[in-house]
Amino acid sequence: MKLIKDFFLKIWFPHTRVLWGLLFLGFIFYEACGLYFQYYLKLNPCIECVYERACFMFFGIAAIIGVTIPRFMPVRLLSSVIWLVSSVWGLVISIEHRGYEIDYQKSLLDPFASTTTCGFHANFPSYMKLDEWIPSVFAPTGVCGDAAWDFAGLTMVQWIIIIFVCNTAVAGLVTLLSFIPHRTYLRIRG
């Protein structure tokens with residue numbers, strides 16, 4: 001039982017650098033997967049894919065901030081809130097993206113069905129024009145809804161929804177745990 005307690009307290013508490021390091025590795029993995037799909041499998045990212053990538057980028061920003069001084073409560077809170085907000089925002093975007101995917105599939109079956117689609121130009125804020133700064137990663141070049149890849153019966157968008165749901169749950173828990181003072185954490189840890 002002590003082994004489980006030590007594992008939980010050392011890995012999953014935001015008071016240590018381990019959690020933030022794992023989040024950074026997750027960010028690297030998600031972005032690498034996106035670039036693999038884009039450049040190796042030639043699946044061009046649509047505007048929704050680009051927005052989802054931007055949300056994953058904020059995982060990396062949260063991890064970098066969190067790894068600096070995790071013992072300091074404002075740093076923990078800032079990092080966990082950035083992670084939580086980007087997870088929720090990514091979930092909203094990916095659910096919208098799934099709607100475009102469903103509409104696109106309906107239009108293939110019935111050419112007279114009314115469908116919606118996303119645009120072709122990213123609408124990032126003027127202070128963060130990722131599509132202009134790093135076009136090789138954040139410039140949309142594909143069409144929303146084209147489910148050209150699937151794994152285990154789920155499309156890429158459905159997997160992204162699962163990823164954001166899991167990250168939202170974990171980030172919510174980490175945000176709550178961030179309120180525990182560092183001294184209390186040390187006492188619990190023993």
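Note: Cβ is positioned from N, Cα and C throughout, glycine not excepted.
For Cys144, the disulfide partner named by TrEMBL from the candidate list Cys55, Cys118 is Cys118. For Cys46, the disulfide partner named by TrEMBL from the candidate list Cys49, Cys55 is Cys49. Membrane sidedness, as given by the topological domains in TrEMBL, differs between Val18 and Lys42. Sequence-distant contacts of the topological domain 'Periplasmic' (37-54) (same chain, at least 6 residues past either end, Cβ-Cβ under 8 Å): 30-31, 90, 93-94, 96-97, 100, 118-122, 124, 130-131, 137-146, 148-149, 156-157, 160, 164. Here the disulfide-bonded residues are Cys46, Cys49, Cys118, Cys144; the one with the fewest Cβ atoms within 10 Å of its Cβ is Cys118. Cα-Cα distance from Cys118 (disulfide bond) to Cys49 (disulfide bond): 11 Å (rounded to the nearest whole number).
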